[in-house]
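Asker: Relevant sequence annotations retrieved from TrEMBL are reproduced here:
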type    : residues                                      : note
BINDING : A:55, A:56, A:105, A:135, A:138, A:271, A:272 : carbamoyl phosphate binding site
BINDING : A:83, A:176, A:230                            : L-aspartate binding site
DOMAIN  : A:3-147                                       : domain 'Aspartate/ornithine carbamoyltransferase carbamoyl-P binding'
DOMAIN  : A:163-309                                     : domain 'Aspartate/ornithine carbamoyltransferase Asp/Orn-binding'
């Protein structure tokens, strides 16, 4: 694995499977009376959120606390950023405080990459969503949910999603979740189809490792998992479709459409859902919808990522230091 | 924990000397099972927890023997101690193994930890920490196939398959049929390259 987690495209198949397998063990901690591991004791993690987020920030915070890391929450509102401080100055402030990892969400695509590669800080950088670019931990928790449901909890260990047909429906243009998912699912061997009105597909989508369709009804019977994306009204500054009603009639998932999916197929949503728009209440509340499961799996995945990035020795660290020759076989 | 160092080439195994063969291991496991029953006066509340990887197989073998002796099923599980290690920061992150606690839990039970080799004692310290987060056993005991000495912590085993005086330049490797295709304990020389 690399030092940072910036993009789902940076992960190899083996990295991704290792993260999913680790998350499967982390998930068991949630069933214990004491939901805590001492692994990251003494490490400091900053949640640097320049953009609003509830579930991602809470999920990261829960994961950090379950691994006993010290957590500092930094939200742009009411901070020095609202007074005009630059990303560089914020980063250097954090560096001076001796931070071990930065979980960053930023409205600008590429901000986490800048933070990781600029030399401003030594900390590990984990991308928690940047603009319309990437949201790698979301893609990982989605893949984790698919593997659990489609392959099985124990049967899935060590496995990828080879040959599974995954359909992503909706606002692909503004969706970092869609980008991350396409990258990761392709790496894991799944066949991905994007379904969206042409106006909500980004330029260059034909170069992505996936199929594109404008017709939801013909794609549904050939899907093992259908992921509905939220229509991101806050990022829309033009008329991408005539009316909301027309959008939900053509691209929304209702009970009738769900019935056309194969028996075993699941419905996913990264949240927050807009009921009545891309998904009806009937579908959202059905057993086949994994939204709540995805949230629980998010904590396990983030614990796995934090453990794999922060839990061991630094890769560049000189191995001569305190490590005795015997560490390879301690009993 | 096991002494399987992925870096150690099979060449070192070639000149390794077997100190316990399959029949010895079988006899030793039977003896330990009887000792557990004797000390626990019937093994009513015994829970066996193996430390991955090879401790888990040994724990299952012990459970089978205890069942034969007491004619009662003995709960058996596994306890992964990776997240509790004191040397996590000295090496790249390790893959996690499975922790499987039997359905009735460990509260008020006699937990017998099972591992293949007892060496520095640091694995067992980590296991005691891990147990602490899972429940409160009535007592904790330790069963190992091989005790090779060189303790770095005040820890001792309650049931020992074989005491094996070693030097720090030697390696002890336990091979079990479930994982390695055969049962044997090998004593070899450590690579000088380490």
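Just so you know, glycine gets a Cβ as well, placed from its N, Cα and C.
Remember, predicted model here, so these are calculated numbers, not experimental data.
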Asker: Averaging the per-residue pLDDT over the domain 'Aspartate/ornithine carbamoyltransferase carbamoyl-P binding' (A:3-147), what integer do you get?
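Answerer: Over the domain 'Aspartate/ornithine carbamoyltransferase carbamoyl-P binding' (A:3-147), the predicted model scores a mean pLDDT of 93.
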Asker: Going by DSSP, is residue A:271 (carbamoyl phosphate binding site) part of a helix, a strand, or coil?
Answerer: coil
Asker: Tell me which of the binding-site residues A:55, A:83, A:135, A:176, A:230 sits in the most Cβ-dense spot, judged by other Cβ atoms within 10 Å.
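Answerer: Per the Cβ count, the most surrounded site is A:135.
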Asker: For each of A:271, A:272, count the other CB atoms within 10 A of its CB; which of these binding-site residues has the top count?
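Answerer: Within the set of binding-site residues, the most crowded position is A:271.
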Asker: Listing them in sequence order, which of the binding-site residues A:55, A:56, A:271 have their Cα within 10 Å of that of residue A:176 (L-aspartate binding site)?
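Answerer: Those near residue A:176 (L-aspartate binding site) - Cα within 10 Å - do not exist; the answer is none.
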Asker: According to DSSP, does residue A:138 (carbamoyl phosphate binding site) sit in a helix, a strand, or coil?
Answerer: helix
Asker: Relative to the mean position of the Cβ atoms of A:55, A:56, A:105, A:135, A:138, A:271, A:272, the recorded carbamoyl phosphate site, which additional same-chain residues have Cβ within 8 Å?
Answerer: A:53, A:59, A:128, A:129, A:177, A:270
Asker: If you pair up every Cα among A:83, A:176, A:230, the residues annotated as binding L-aspartate, what's the maximum separation in angstrom, rounded to an integer?
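Answerer: Taking every pair of listed residues, the largest Cα separation comes to 32 Å.
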Asker: Taking DSSP as the reference, which of helix, strand or coil describes residue A:230 (L-aspartate binding site)?
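Answerer: Residue A:230 (L-aspartate binding site) sits in coil per DSSP, no helix or strand.
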Asker: Can you check which residues sit near residue A:138 (carbamoyl phosphate binding site), meaning Cβ under 8 Å from its Cβ, same chain, 6 or more apart in sequence, and list them in order?
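Answerer: Long-range Cβ contacts: A:56, A:129, A:176, A:177, A:180, A:181, A:270, A:298.
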Asker: To the nearest Å, how far is the Cα of residue A:55 (carbamoyl phosphate binding site) from the Cα of residue A:83 (L-aspartate binding site)?
Answerer: 26
Asker: Over all pairs within A:55, A:56, A:105, A:135, A:138, A:271, A:272, the annotated carbamoyl phosphate binders, what is the largest Cα to Cα distance, rounded to whole Å?
Answerer: 16
Asker: State the three-class DSSP label for residue A:83 (L-aspartate binding site), counting H, G and I as helix, E and B as strand, and everything else as coil.
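Answerer: For residue A:83 (L-aspartate binding site) - judged by DSSP and reduced to three states - the answer is helix.
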Asker: Rounded to an integer, what is the Cα-Cα distance in Å between residue A:272 (carbamoyl phosphate binding site) and residue A:230 (L-aspartate binding site)?
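Answerer: Residue A:230 (L-aspartate binding site) has its Cα 7 Å from the Cα of residue A:272 (carbamoyl phosphate binding site).
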Asker: Given the binding-site residues A:105, A:135, A:271, state which is nearest to residue A:230 (L-aspartate binding site) when distance is taken between Cα atoms.
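Answerer: Comparing Cα positions, the closest of these binding-site residues turns out to be A:271.
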Asker: Would you mind pulling the DSSP three-state label for residue A:105 (carbamoyl phosphate binding site)?
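Answerer: SS state of residue A:105 (carbamoyl phosphate binding site) = strand.
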